[in-house]
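Working notes, beginning with the structure itself.
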Amino acid sequence: MGLGASSEQPAGGEGFHLHGVQENSPAQQAGLEPYFDFIITIGHSRLNKENDTLKALLKANVEKPVKLEVFNMKTMRVREVEVVPSNMWGGQGLLGASVRFCSFRRASEHVWHVLDVEPSSPAALAGLRPYTDYIVGSDQILQESEDFFTLIESHEGKPLKLMVYNSESDSCREVTVTPNAAWGGEGSLGCGIGYGYLHRIPTQPSSQYKKPPSASSPGTPAKTPQPNAFPLGAPPPWPIPQDSSGPELGSRQSDYMEALPQVPGGFMEEQLPGPGSPGHGTADYGGCLHSMEIPLQPPPPVQRVMDPGFLDVSGMSLLDSNNTSVCPSLSSSSLLTPTAVSALGPEDIGSSSSSHERGGEATWSGSEFEISFPDSPGSQAQVDHLPRLTLPDGLTSAASPEEGLSAELLEAQTEEPAHTASLDCMAQTEGPAGQVQAAPDPEPGLCEGPW
């Protein structure tokens, strides 16, 4: 006895349907499954007609193994089973199973799905399970949807045996229920019944028709984690982003980008408790504190829009201070600064539009003048090697200490000792009309030559 090879669905759609299998019977020992199995062949005889062929062949093979071909509705396949008919097993019949000749093509449609089960109802007292139990048969033949409801009405107040299949345990059991319309609720069974295509038994055990899980009890509310929320004054569970020009992009999923949460640095500095605060050192956040040890970098420098009325070259060294061969008496404080530029004269100030380096010299070029300074002027201070300043005739703007230039630097410059004769610092003018080479006023501390 046992299972043999399986094959596809056979031709024809009739066979002997097993409605019930008794315990310890030859049918149970052979592995026959109630409701889902159809005996279509015994020996070499095809059982496609309602006659006594099955009974006769079973009697002819008492206490002898006989092969059966069985079609299963769950797997939709045919398998071979070996059974030993016997009348000594302790029950009724040679197989210990009740059979009925019918078509297995529409047998899966005759199913009544148990839905909601009310507490203390006849269905609940009988042990029917909501959404996983399927009523597949009874003592009477059920072929239409109305047959089941007619059966319930005819057994009002009387016990009724039902064959029930459970999709969770994948097994059939016999349930005895007593319909009672006066149980205190709706209906005679107190349960919902579904019939039709959407309420058929699935080919494999599934939770498709299971009742959705109930909501959490009031005493135990569900906790939903919020990634962007953390206690006030406590460090966040993620490190602070540094020098990020935009949101960091996380994993890409299909057609959208997931942006990881970010916390501004200023916000975290306000939220972190200080050494003297009450909450400092009291909370233990484990590994979260290690992520807060990342040093914060200063913000990028502020880029200011310069006023077109003057040239801001503060903080730039236009001459090599280490080379003293050009101007021995020129100190580091007398380099070209906004104050030094203002000392050149009322017409020596212009607006600049760009600055760049070319050919080993630093050049500031604008729409109105150009200043060039060589990196290495040479071993001797000569006039031809000094930077030249060319201004147009129409330049009339002048800068004053009140417009942004430092008056203190101007006074410090005038206090330096004179190392060059005043006649050598006089202005020299040359070139075509419309171009003027301006020389600074005779002041001590300035080198001789055009600027």
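Glycine residues also receive a Cβ, built from the backbone N, Cα and C atoms like all the rest.
Given the structure is predicted, the values throughout are model-derived calculations rather than measurements.
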Out of C102, C172, which does Swiss-Prot tie to the same Zn(2+) site as H17, H19?
C102
For the set S317, S329, S365, say which residue Swiss-Prot annotates with phosphoserine.
S365
Quick one: which of S207, S216, S351 has phosphoserine in Swiss-Prot?
S216
Near the region 'Essential for interaction with GOLGA2/GM130' (189-201), which same-chain residues lie under 8 Å Cβ to Cβ, leaving out any that are not at least 6 residues past its ends?
74, 108-109, 111-118, 120-124, 128, 130, 134-136, 145, 148-149, 152, 165, 167, 177, 179, 183, 209
Within the region 'Essential for interaction with GOLGA2/GM130' (189-201), how many residues are helix, strand or coil going by DSSP?
3 helix, 4 strand, 6 coil
